[in-house]
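Accompanying notes for the structure given below.
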Amino acid sequence: MLFLVQPPSVETWQFAETSDLALLLPPATLAALADGWLREDCPGLNYAALVTGAAPSQAVLWAKSPGVLAGRPFFDAVFARVSCQVSWFFPEGSKLVPVAKVAEVRGPAHCLLMGERVALNTLARCSGVASSAAAAVEAARGTGWAGHVAGTRKTTPGFRLVEKYGLLVGGAASHRYDLGGLVMVKDNHVVAAGGVKKAVQRAQQASDFTLKVEVECSSLQEALEAAEAGADLVLLDNFRPEELHPTAEALKARFPSVGVEASGGITLGNLPQFCGPHIDVISLGMLTQSAPALDFSLKLFADGATPVPYARRS
């Protein structure tokens, strides 16, 4: 079911399950991440706290660039660690049209400003990934293709949970979260093992019924060898579209149950060319590596005053 919500200056398309994605995030992990980010930003004395004081204060979160809102749980976790409360005006997955009043934050002035930059960084980054993911999914669905658009493990160190969560909010698959989520046999593994068949056999020794084995292949011959050896999925890496589709078709003709993933050199611009009836997954590293952050700002306002996104001192 598709929900349509249209507050002022915001268009929202949110799938019912988007609001439930926060349930995937363990509270203890959220708290630990927020603690680490805050400690990185303020490991010692916070001199600016003497400037602001501890008076009760409020601020408005403004969205100043278009995109998909994602990362509310991380934003909340940061401010919870500094004794501030967040009230949201739009649900996770909202398509924001600037300038939009997204949330209000209340708490002691010095705490609110201590959490400001860390919270904005997480929200901007997560929303950027979600926006790129949503654009990729839209481009793929526009061709009539019904497979999975996915991210990769090309994530920012220490920020993987945020970026993988952003992929999900944007409607993409997160792919394996870490090395333990799938036995991925890459080209270097094949070289180290002495060939595709040996690599698959060793992978099967390490895996059990809960783990699938995927093999990166650079030719139809390698793909057939991997499928023959028992691979569950084959990754056709860095194939041009005119090579990809006949290779996938030939592989599926022999091994119809083997999943086919396409990756390498795929962008939002050329993504539709990689969509086809024999492709099950298209993964794009650029969804996390190259996603531009959304522009958010947090502006304090006095009681009784009208919040404005671009406050100027007279």
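Counting begins at 1 with the first residue displayed.
Every residue gets a Cβ built from N, Cα and C, even glycine.
Listed in TrEMBL for this protein:
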DOMAIN    52-127  domain 'Quinolinate phosphoribosyl transferase N-terminal'
BINDING   Arg117, Thr152, Arg153, Lys154, Arg176, Lys186, Glu216, Asp237, Ser263, Gly264, Gly265, Leu284, Gly285, Met286  substrate binding site
DOMAIN    129-299  domain 'Quinolinate phosphoribosyl transferase C-terminal'
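Applying an 8 A CB threshold to same-chain residues 6+ apart, the list for Ser263 (substrate binding site) reads Thr152, Leu235, Leu236, Asp237, Asn238, Ile282, Ser283, Leu284, Gly285. Around Arg153 (substrate binding site), the same-chain residues at least 6 positions away in sequence with a Cβ under 8 Å from its Cβ are Arg160, His175, Arg176, Asp178.
Residues in the domain 'Quinolinate phosphoribosyl transferase N-terminal' (52-127) partition by DSSP class (helix H, G, I; strand E, B; coil) as 30 helix, 25 strand, 21 coil. Comparing the binding-site residues Arg117, Arg176 on other C-beta atoms within 10 angstroms of each C-beta gives the minimum for Arg117. Taking the Cβ of Gly265 (substrate binding site) as reference, residues of its chain lying under 8 Å away and at least six apart in sequence are, in sequence order, Asn238. As a whole-number mean, the pLDDT of the domain 'Quinolinate phosphoribosyl transferase N-terminal' (52-127) in this prediction is 97. Of all Cα pairs drawn from Arg117, Thr152, Arg153, Lys154, Arg176, Lys186, Glu216, Asp237, Ser263, Gly264, Gly265, Leu284, Gly285, Met286, which the record names as binding substrate, the longest spans 40 Å.
Listed in sequence order, Met184, Val185, Lys186, Asp187, Val190, Leu235, Asp237 are the same-chain residues six or more apart from Glu216 (substrate binding site) with CB atoms under 8 A from its CB.
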